[in-house]
Amino acid sequence: FPPKKAATAPRIPPTRLALHHFDVTYSLQLRDQWPSVRAGLLCEQKYGALLNNFSAVRHVAQELELLNATDFVSPAPKKEAGRGDGVSPEGSGEGRTAARAETVTRAETSPPLRASIRSNIRCYTFPRGDITRFRPARPDTLGLLDYYLMDAASLLPVLALNVQPDDFVLDLCAAPGGKTLALLQTGICGHLAANDVSVSRTKRLYQILHSYVPREIRETVRVTSYDGRDWGQLEGGTFHKVLVDVPCTTDRHSVMEQDNNIFHRRRTKERQMLPMLQLQLLMAGILATKPGGEVVYSTCSLSPLQNEHVIERAVEVAETQYNISVQVEDLSHFRTLFQDTFSFFSDCRLGELVLPHLTANFGPMYFCKLRRM
């Protein structure tokens, strides 16, 4: 008898499909950096411990410091203060003057981080190359957990948002809730709306708020499950600051986990439609912002199609379809402030991109700040 033929093609795991896709596309984008980034994606992720300012436990910072972890956020103002004083090592005379002029211009166009640093966010990380794991979070006497473990790079979009006292803030795609929790740690939001289209993911957001935030603060957060794309129609021109942390290919998850993997064959169409969804969400975020307000767009993908291209398209659509002028803000000082903790991609055209690296295995995390004029 002739050998039987398989009725269906052999199933290729979505993790392998994802890795093949990334090998083809990211090797062109990242060139000789891709092997290092690839190794980082395939190894255990590094975490940061976001301290819970609502917890009654006071010795946590001291405990973490004894383990050689440091708060990567707090030292930033000192670096910020010294940023304009340095001399460019490349040359003298004209080069120095140009560098200083650029620093002045940059300082004028992007407000210093001091305000967001002063806003009480503290996140501890272990040094480069140190792969120590944090212990699980512990409750205080009221049952509030002492810290939240997250990819420390996920805090960068929140710091970039630079929340000011009494700002009305919208977290448009808030679940599972790490960035919402970080926004609450600032202690200065005048009003915080946290939205996520997924009802099941919104339950996870409620759980995090319940585990970390006292009831009187929790009750001031408005949690909703609207389709974020409709927010511009629901509440246009309302918020001072909007965070748009969009669904994406979640590159690290895609190469590591079979469950809920967007590279599953049945989700091909959904994956191809991501840039359109991301653009619609970013547009809704821009429309929800008051004139003069700011939007931070973020993904956990390395893909330019989901990152810079979405930004460029949004600026264009805002201008042509809504007659709204949107300015991309310069965040290059983040590279200087946080270069000891994260590996940044130096060739990002718009915004900033944290690359996974074996010695600092955070990210990927792309973030870009827009101002509605």
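Residue positions begin at 1 at the first shown residue.
Using N, Cα and C of the backbone, Cβ positions are placed for all residues, glycine too.
Here's what TrEMBL has on this protein:
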- 73-373: domain 'SAM-dependent MTase RsmB/NOP-type' (DOMAIN)
- 75-109: region 'Disordered' (REGION)
- Cys173, Ala174, Ala175, Pro176, Gly177, Gly178, Lys179, Asp196, Asp227, Asp245: S-adenosyl-L-methionine binding site (BINDING)
- Cys300: active site, nucleophile (ACT_SITE)
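Straight-line distance linking the Cα atoms of Lys179 (S-adenosyl-L-methionine binding site) and Cys300 (active site, nucleophile), rounded to a whole number, equals 13 Å. Other Cβ atoms within 10 Å of the Cβ of Cys300 (active site, nucleophile) number 23 in total over all chains. In the predicted model, the domain 'SAM-dependent MTase RsmB/NOP-type' (73-373) shows an average pLDDT of 88. Cβ neighbours within 10 Å of Ala175 (S-adenosyl-L-methionine binding site), excluding its own Cβ and spanning all shown chains: 25. In this structure, the CA atom of Cys173 (S-adenosyl-L-methionine binding site) is 13 Å away from the CA atom of Cys300 (active site, nucleophile). A straight line from the CA of Cys300 (active site, nucleophile) to the CA of Gly177 (S-adenosyl-L-methionine binding site) spans 15 Å. Residues listed for S-adenosyl-L-methionine, Cys173, Ala174, Ala175, Pro176, Gly177, Gly178, Lys179, Asp196, Asp227, Asp245, cover a largest CA to CA span of 20 Å.
Packing around Cys173 (S-adenosyl-L-methionine binding site) is summarised by its Cβ count: 21 other Cβ atoms lie within 10 angstroms of its Cβ, all protein chains included.
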